[in-house]
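Undergrad: Please see the structure below; I have some questions.
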Amino acid sequence: MKDYELPLDIEEVAFSHIPVLSREVVEGLAVLPNGHYLDATVGGGGHSRLILESAPDVRLTAVDQDEDALAAAKKELAVFEKRVQFIHGNFAVCEFPQNTFNGILADLGVSSHHLDTPERGFSFRREARLDMRMDRRQSLTAADVINDWDEVELANIFFKYGEERLSRRIARRIVEKRPFQTTTELATAIASSVPAKYRHGRIHPATRVFQALRIAVNDELKVLETFITKAPNALVPGGRIAIISFHSLEDRIVKHGLRDSPLLNVLTKKPITAQEEEITNNPRARSAKLRIAERKRLATLY
Ligand SMILES: C[S@@+](CC[C@H](N)C(=O)[O-])C[C@H]1O[C@@H](n2cnc3c(N)ncnc32)[C@H](O)[C@@H]1O
């Protein structure tokens, strides 16, 4: 079988301890001694560690909706003891205290832990039940979406969240062939539903559908919108928010959300992207876009 190029935001390393755009994040947040920071996507704790190390007596609140990530972060950050507080939850649902944080970071997407653990069902390369939940307390799984949603709904999410041009054709084939139990059964059906030239293209033909499914299962775009609306209130005046996104759908929400917030001044006219050297060491950095904004100092809120 052809060794397909791996899709950027699905298959590449994410939960490694090589945090993406780390220098740019730490500089962009302008971390202060005694500052209190929120890492809304602590993952393996890579960025959090850097924030905690970049000034004396920094405190950090670390959030992740995946309990495995949180367990890994607890180990990674144990040395900071009581300076770190952990919260298991979705960043869109957490009620963050107002006027509290000197900086907030969100490094969006899945972790390599998700991808490297076949039973989580994120990867079409490994046989597993169709799951894809970042938070396993939630009931909706990828199997529910694939087996229960109607053809039009499936075509719509493949098109909207996967930017898949063959969305209708793939949705029709899935509906004909379902139910599906596993990631690999689904990937094979998708591959067989597309023209041969697509099957031998640069990326595996299931790439976009898997991205779309993941976004749908975790409602990723909606939670990002909610987070960007709520998070600025949690900053102190002059506090900064930094968000790293990995595909254009997310970046659009970040760009508009920061710009349209009455509480924020955007500091990055254009998104910050990784230097060649970082991309060589960490291929996931290739698609990363970092945008930063600062809470207005004068309370011109209304
Ligand atoms: C790319 S990883 C973060 C890596 C981290 N910055 C590091 O340096 O190790 C993204 C993490 O965000 C978590 N996540 C994604 N969406 C979330 C949400 N809505 N609420 C809370 N955590 C979320 C995922 O579970 C994953 O662990």
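A Cβ is built for glycine as well, from the same backbone N, Cα and C atoms used for every other residue.
According to TrEMBL, the feature S-adenosyl-L-methionine binding site maps to GLY45, GLY46, HIS47, ASP64, PHE91, ASP107, HIS114.
A description of the local structural setting of each listed feature is requested, covering burial, neighbours and distances.
TA: Take the CB of ASP107 (S-adenosyl-L-methionine binding site) and look out to 10 A: across all protein chains shown you find 26 other CB atoms.
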Undergrad: Please list the binding-site residues from GLY46, PHE91, HIS114 whose Cβ falls under 6 Å of any atom in ligand 1.
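TA: Those binding-site residues that pass the cut-off, since their Cβ is under 6 Å from ligand 1, are GLY46, PHE91.
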Undergrad: Just jot down the residues in the same chain as ASP64 (S-adenosyl-L-methionine binding site), at least 6 apart in sequence, with C-beta under 8 A of its C-beta; none if empty.
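TA: Residues satisfying the criterion: THR41, VAL42, GLY43, LEU70, ALA73, HIS88.
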Undergrad: Quiz question: given the binding-site residues GLY45, GLY46, which has the greatest number of C-beta atoms lying within 10 angstroms of its own C-beta?
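TA: Top count of Cβ atoms within 10 Å goes to GLY45.
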Undergrad: Compute all pairwise C-alpha distances among GLY45, GLY46, HIS47, ASP64, PHE91, ASP107, HIS114, the residues listed as binding S-adenosyl-L-methionine, and give the largest one in whole angstrom.
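TA: Largest pairwise Cα separation, rounded: 18 Å.
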Undergrad: Within a 10 Å radius of its Cβ, which of these binding-site residues (HIS47, HIS114) has the fewest neighbouring Cβ atoms?
TA: HIS114
